[in-house]
Amino acid sequence: MALIVKKFGGSSVATPDKMRAIVQRVLKGKQPEDKIVIVVSAMGDTTDELVALAKQITSKTYGREMDMLLTTGEQVSIALMAMAFQEAGQKAISFTGAQAGIKTSDAFNKGRILALKPGRIMKALDQGNIVIVAGFQGITGHGDITTLGRGGSDTTAVAIAGAIHADVCEIYTDVDGVYTSDPRVVPNAKKIDQITYGEMLEMAKLGAGVMQPRAVEMGSRFGVPIHVRSTFSEDEGTMIQEDCSMEVKQYLIRGVASDKNVAKITVLGIPNKPGFAYRVFAELAEKHVDVDMIVQSVRIANEGVTDITFTIARTDLEQAKAVLANLRKEMPVEDVLIDDKMAKVSVVGAGMAGHPGIAAGMFGVLGDNGINIEIISTSEISITCLISEDVIDKAVKAIHAHFFDED
Ligand code: ADP
Ligand code: ASP
Ligand code: MG
């Protein structure tokens, strides 16, 4: 008997015909005793359309109501999928996140799964159902509906797989695995057969949108093997797991990632005294604005003040502006500069530690292409450069060619 969680993304469930095709595929591969949980996203571009609809009403962020709105997309998908299975003669039942026992923190739009009580899922499986769960959503301790951040259905799927001790969590999507770079940007990117949680987490955090970072983190924490594969072909995809074969370990670089959801903020002339930087970042954290790269520089001509530059997700910019406007009422700041046309390009690979040539190679490629680097940051397994958004695809292509094209 196999216990499997299968997650289908928006493009995979975009139409009733596509839903029917999924039903056929699942039933074809299912042994009578297999237990299957299916997690689905909203159909096609529904979530984007709902976001656009809210923008027609307001430019402000009403967190609770936004989550109430966005979760309707997944609810449409689960009901239709359950009907499609029943039409094919298979018992099936749909559950919202709350019904599936998913409890989250009360950060609207960015809920974190705090607990998952799979009792109802297990009972429905034991009764012979295929269980269909709405991705991307949960409920707070106060009974409010939350979402898990864009791409959050991946996290729902891996969390359920962890909670029910599934053999594998299969992520079905519109590409046939994780590639060395986004195949839409780099057409000759190569499919990766196996990748470790650590490298995949880094790729995902740095913008490889094929998996939500929290899903990879959760997979690592609960030891859930994740198989990223295509909805539209039977080919094997990419296994994300703890360890890889010797052959795979030889790689210095596993991939090139990019992220356009970046804004740069510079706070000019804040007092160069203990506690001031803390206040800026504590207030941002309080409002759930994640800060990424940070550079602080002291002015040679005036050591009394300092300039702090940092990056955040562009989608958090309105929130960050409000925080900074409030702070300016209470602390002396010369100016705040905002550039929302930035992007990050990164190379990722556990093998790069101790190979200084990787950084030099990356900076050299950017220099040769006339691309200015604004900020550099590194981790043990990645190097990231902040550059202008209008040259990001050019940068990704050139860096990928440098590290992956055979001469
Ligand atoms: P889904 O709706 O199935 O969740 P997503 O759009 O969230 O699908 O993720 C799949 C997309 O991720 C692909 O279409 C591809 O453009 C993008 N992507 C970005 N980086 C990578 C990568 N390194 N490998 C594969 N796909 C990537
Ligand atoms: N529908 C949500 C989104 O578009 C969640 C997901 O697809 O994973 O972000
Ligand atoms: Mg996705």
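Glycine is no exception: its Cβ is also placed from the backbone N, Cα and C atoms.
Those TrEMBL annotations? Automatic predictions, nothing curated.
As written in TrEMBL, here are the features:
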BINDING   Lys7, Phe8, Gly9, Gly10, Thr173, Asp174, Tyr179, Arg184  ATP binding site
BINDING   Thr47, Glu74  substrate binding site
DOMAIN    265-341  domain 'ACT'
DOMAIN    347-407  domain 'ACT'
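Taking the Cβ of Asp174 (ATP binding site) as centre and 10 Å as the limit, one finds 14 other Cβ atoms among all the protein chains shown. For Gly10 (ATP binding site), the same-chain residues lying six or more positions away in sequence with a CB closer than 8 A to its CB are Ser41, Ala42, Met43, Gly44, Asp45, Thr46, Thr47. Between the binding-site residues Lys7, Arg184, the minimum number of other C-beta atoms within 10 Å of a residue's C-beta occurs at Arg184. It is Tyr179, among the binding-site residues Phe8, Tyr179, whose Cβ has the fewest other Cβ atoms within 10 Å in the structure shown. Secondary structure at Gly10 (ATP binding site), as computed by DSSP, is helix. Proximity of the binding-site residues Lys7, Phe8, Thr47, Asp174, Arg184 to ligand 1, judged by a Cβ distance under 6 angstroms to any of its atoms, singles out Asp174, Arg184 in sequence order.
The two recorded residues Lys7 (ATP binding site) and Glu74 (substrate binding site) have their Cα atoms spaced 12 Å from each other.
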